[in-house]
Amino acid sequence: MAAESLPFSFGTLSSWELEAWYEDLQEVLSSDENGGTYVSPPGNEEEESKIFTTLDPASLAWLTEEEPEPAEVTSTSQSPHSPDSSQSSLAQEEEEEDQGRTRKRKQSGHSPARAGKQRMKEKEQENERKVAQLAEENERLKQEIERLTREVEATRRALIDRMVNLHQA
C-alpha cells in the first residue's frame, strides 16, 4: 500500500503557520467535551490503548463556521418520553451549549485558533523587525571594524617607520 503525498511541501510553510496548525491539532485532539476521547500525556498506557473516536458533525461546526443543519441536531436527540430521558436531556443541553459557543465565536469573529494564528503572525513580524535591526547593527559594527583596522594599520606603519629611523640615527 503506497502512502499518498502531501498537497504541499514542508519547505513552503512558515514557522508561524506550522505552529498554528500544531495548536489547532492539539485543540482538536484534546477536545474531551465535544465527544472525543481525551488524549492523555505519554506514560498512561491504559489511555493510550483507546482508539480516538471521531467527533460528530454538529460538534465540528465551529471548524467550518457553518451552523449545523437542524436534521443533524434533531436526529441525535430522543423524545422526552423515552426511558433514557435524563440522558437525552443532558445530551440536548450539551448540544445547545455547543451551538451557543459556535454562535458566540461567529459573532465575535475570533476563534482560539485564529487568535493563536494572529499571535504567531505578530510574533513573526516582531522577529522580522529584530532581524532587520540586528542586520543594521551588524553592518554598523563591520564599518567600525574596518575603520579600526585602518587605524591600526596606520599606527603600525608609523611605529615601524619610527623604529627604522631610530636604528638609522
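Cβ atoms are placed via backbone N, Cα and C, with glycine included.
Note that the coordinates shown come from a computational prediction; the quantities given were computed from them, not determined experimentally.
In Swiss-Prot, the region 'Interaction with TRIB3' annotation falls on 10-18 of the listed ranges 10-18, 154-162. Across the region 'Basic motif' (101-130), the prediction's mean pLDDT works out to 78.
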